[in-house]
Amino acid sequence: MSDDPELRVSKIRNGTVIDHISGGQALNVLAIIGIDGTSGEEVSVAMNIPSDRLGKKDIVKVEGRELSQNEVDVLSLIAPAATINIVREFDVAEKHRVERPGRVEGVLECPNRNCITTESEPVDSAFEVLDDGVRCEYCDTIIREDIAAHILVS
Amino acid sequence: MRQDHIISAKQLSRRDIEAVLDRAAEIAADPSAYADRHEGSLLGLLFFEPSTRTKMSFSAAMKRLGGDIVDMGTVESSSVKKGESLADTVRVVEGYADALVLRHPSEGAAQMASEFVDAPLINAGDGAGQHPTQTLLDLYTIRENAGFDDLSIGIMGDLKYGRTVHSLAHALTVFDARQHFVSPESLQLPRSVRYDLHESGAEVREHTDLDDVLSELDVLYVTRIQKERFPDESEYHEVAGEYQIDAATIREHNEDLTVMHPLPRVDEIDHDVDELDGAQYFQQAHNGVPVRMALLDMVLEESR
Ligand SMILES: [Zn+2]
């Protein structure tokens, strides 16, 4: 097997390659984009590959899927160094760095069960992005660890 | 002050706060000058949980400005019981009044409600969240008694769940105040409040023993430690007993101490403290009227 980490996982024809994910976060990235393998997508995952920039990094490749802006926003919270390559006909058609947004709306669920956003009101959750976490704009609750666990399941 | 809604003390700058306190002082000095200032104006009261005293204080404030109130009544008697959302309720009631006061058991309720109305909305407490008029009357009382210059204040009791404490601590960061937090370890400040205090660069110390700081305080703000916070009653009694104060202790360590409490108290301030000049908790409650008058006067003026 080649030492080139790019070759350890299979090439894809059309889809998304998310590279430079912080080591160990690949499964959370898959959770964000709602992939658990049951719906048959072709998915390759490489974890804890040596990286000059990150020490260790993960790579996720998904055939036939491009990410939405909401997904990229949440991705940026758990994998701030990630790069997103959109692949078409085996070539990288677009390359994006994720950008940490100032706030994320409607993608995370507030863990405070007494927060108004968890009740049946016509309002989306909204979180301010801090240096080391996110903070509910309604009740001030801060999520610092395991942000991925709070992703809203739609 | 350019504020349509009063949701949190955090939204208020030092200048905003001082404008409210100055107006409140003017009102307290000459209430008759304000007696017909808002004749014909209506204040809508939406109290989704009982808080008789806050409601009475707002009603008194509005009536002393010459205005009147319309009251939603209890949740049991309203449409809310039929499952109406808060967003819908405030949009309906907005049509009945010139300004709204909302008390709600959920955190963030006032913020959300304010996004659905144009009439000024004042938060009168949202769950464990914000209660800005309480904070303003606390600040007014501190200013009247000790002033903000070189202020040293102790805040004692339930610092984890006590929303009045969180809001006050945050508001004090815009003044030149040293804040000492005195509580059992299990009831120390929550993470979000520490974060804010840290971000603001406030001078903050935490203590488990009041004796460590009592002699250097100008003001001691006492809050109640609730039984429900403890798994069993014996633990509660053991802990709560450590955070009580009486007249003898004050006389011995700090005769000039101003003592405050958001009330109701249980036994954290002994009744013998009531006789001391520094016992300000009843005056503090009374100050709620001129402070709410000032705030109502300002938001009604603004919305004209
Ligand atoms: Zn929340």
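Using N, Cα and C of the backbone, Cβ positions are placed for all residues, glycine too.
What TrEMBL lists as domain 'Aspartate/ornithine carbamoyltransferase carbamoyl-P binding' is B:5-144.
Neighbour density for B:HIS131 (carbamoyl phosphate binding site): within 10 A of its CB lie 26 other CB atoms from the protein chains shown. The carbamoyl phosphate binding site annotation in TrEMBL covers B:ARG53, B:THR54, B:ARG103, B:HIS131, B:GLN134, B:LEU263, B:PRO264.
Within its own chain, B:LYS82 (L-aspartate binding site) has no residue 6 or more apart in sequence whose C-beta sits under 8 angstroms from its own. What TrEMBL records for B:LYS82, B:ARG163, B:ARG224 is L-aspartate binding site.
Under the heading domain 'Aspartate/ornithine carbamoyltransferase Asp/Orn-binding', TrEMBL lists B:150-298. Restricting the average to the domain 'Aspartate/ornithine carbamoyltransferase Asp/Orn-binding' (B:150-298) gives a pLDDT of 93.
Counted over every protein chain shown, other Cβ atoms within 10 Å are most numerous around B:ARG103 among the binding-site residues B:ARG53, B:ARG103, B:ARG224. The binding-site residues listed here (B:GLN134, B:LEU263, B:PRO264) include B:LEU263, B:PRO264 as those with a Cα within 10 A of the Cα of B:ARG224 (L-aspartate binding site). Between B:ARG163 (L-aspartate binding site) and B:PRO264 (carbamoyl phosphate binding site), the C-alpha separation comes to 14 Å.
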